[in-house]
Amino acid sequence: MFTGDRGLNALLESGVLQQEVPLANYTTWRVGGPAQWLAEPNNAEQCLELLQWAKAEGLTTRVIGAGSNLLIADAGLPGLTLCLRRLQGSQLDAESGQVKALAGEPLPTLARRAARLGLHGLEWAVGIPGTVGGAAAMNAGAQGGSTADCLTAVEVIDQSLTDTVKTTTLLSNTDLAYDYRHSLLQGSDQMVVAAQFQLEPGHDAKELMRKTSGNLSHRTTTQPYQWPSCGSVFRNPEPEKAGQLIEGLGLKGRRIGGAEVSSVHANFIVNVGDATADDIRALIDLVQNEVERMNGITLHPEVKRLGFQTTD
């Protein structure tokens, strides 16, 4: 348990908790100001301790994973930023197809492990630079597959109850009300610490590895992997494709400061070396306004904004 100054000092000395840490190193866009407090817990118990401490101190808590779907303001974030990328590890049963992974486990790592064991269902995830926790919260997906297709449950901590509840809770797939790039976890007090999946066992491992390699090759040749980005910026407004709408307006290569609409894939905004969060935000707004004006279609961002006066 977290006990006053002694517990705080222990977390500071161990490096789990730090002050005034630039968050640009914690996002795939490589932008973002400092966190007032940044914590990288190693397990669920430390998560609980940190949440209890933040609540006692009256600090706002925000949870991030790999930072692959975030735009953090240049001014940074007040309160406690809880980064779960150290919560890594997974258990895969080749016979039953049951999989459990901690929230910070990288999706590509889990996808490759599953393929090597002949477990089918996560091949689409090999090129997504996110974590299991983030994928569970936003229903990450690609190439016709999505997290909701194979996730059976998530283990969560209710941030609003950390002063009375000292354990985690299990929520089923149905509880999460999955939709396209959405779940009830978004905007809630539920913090994912682990997820459970049901994959299909008994598939040919070599064939699955070939498929994952092919999926990764396709993504690296059709998307701008050489520049920092958040992945796809906008949801596809079915039946249209966001990238095609943006490209159709001649917006590829449009630039504000160090932020640029990728010339490789128009639904990517890349940091070409010196972008700020304000540059990226302004370019997102410009693209949205142009598509709305010319096509009458509203593009909704997949990316979550933190630290701005208004958020998505």
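FYI, residue positions are counted from 1 along the chain as it appears here.
Cβ from N, Cα, C; glycine included.
Record features, source Swiss-Prot:
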type     : residues : note
ACT_SITE : Arg181   : active site
ACT_SITE : Ser232   : active site, proton donor
ACT_SITE : Glu302   : active site
DOMAIN   : 30-202   : domain 'FAD-binding PCMH-type'
Cβ neighbour count within 10 Å of Arg181 (active site): 19
C-alpha spacing of Glu302 (active site) relative to Arg181 (active site), in angstrom: 7
Nearest-integer angstrom distance between the alpha carbons (Cα) of the residue listed as 'active site, proton donor' and Glu302 (active site): 7
Sequence-distant neighbours of Glu302 (active site) in its chain (C-beta under 8 A, six or more apart): Asn69, Met138, Arg181, Cys230, Gly231, Ser232, Val233, Phe234, Arg235
Other C-beta atoms that fall within 10 angstroms of the C-beta of the residue listed as 'active site, proton donor': 21
Segment confidence, the domain 'FAD-binding PCMH-type' (30-202), expressed as mean pLDDT: 94
